[in-house]
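Quick look at what TrEMBL annotates:
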| type | residues | note |
| --- | --- | --- |
| DOMAIN | 26-156 | domain 'MARVEL' |
| TRANSMEM | 36-57 | transmembrane segment |
| TRANSMEM | 69-91 | transmembrane segment |
| TRANSMEM | 103-123 | transmembrane segment |
| TRANSMEM | 129-150 | transmembrane segment |
Amino acid sequence: HVTIIRTTTSSSNVPLPGSGPLDAAYAKSYSAILKVCLMLSLLIAFLCVRFSIWRYYSYSYSSFSYFEVVTISFMILIFIFYVINIFRIYRMLTCISWPLTELLHYAICTFLLFIASIIVAVNSYTIPALIAGSVFGFIATFLSILDMWLSYKISFTGQSTGATL
């Protein structure tokens, strides 16, 4: 008895004849809408921490810088994946497993974002902008988990080899 693991994404990978360079179906999908919401929440989280008054205190410089790096890099990577899906670039680069690449990206970045949000929440010292930044960091973490949950289905299928024991 052999077990096969299949991962599939919920975006439409089937090309329509004469559909042009943009994938309009993807732009209207839950995955694309979640990516846009995720990018907005990451941008708000980054801006809240970036323009707060923590710069005047030297005690937590590295923790807030870590949060800024994680949020802005995660946002840029999500934008790159959004562009890859909307312009169907994944069809030209078939040597890469795009669903697996995006899943690993989300898993790693979600973990890093969750840790960064905890660090900012602990070091906020009742500064409202830092509290708002950590809240938007947690919102982005939740949206990222939701996008992974809705976009990637892992099914375990038992397949018989035909051999008798």
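Using the three backbone atoms N, Cα and C, a Cβ is placed for every residue, glycine included.
In TrEMBL, annotation is done automatically, which means it is predicted and not curated.
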Between the stretches 36-57, 103-123, 129-150, which one has more Cβ pairs under 8 Å with the transmembrane segment (69-91) than any other?
36-57
Mind checking which residues of the chain, 6+ beyond the ends of the transmembrane segment (103-123), have their Cβ under 8 Å from one of its Cβ atoms?
7, 42, 45, 49, 60, 63-64, 66-67, 70-71, 73-74, 77, 81, 130-131, 133-134, 137-138, 140-141, 144-145, 147-148, 152
Quickly jot the same-chain residues contacting the transmembrane segment (36-57) by Cβ under 8 Å, restricted to those at least six beyond its ends, or write none.
64, 67-68, 71-72, 74-75, 78-79, 82, 113, 117, 120, 125, 127, 129-130, 132-134, 136-137, 139-140, 143-144, 147
Given the model, what does the mean pLDDT over the domain 'MARVEL' (26-156) come out as?
90
How does the domain 'MARVEL' (26-156) divide up by DSSP, counting helix, then strand, then coil residues?
105 helix, 5 strand, 21 coil
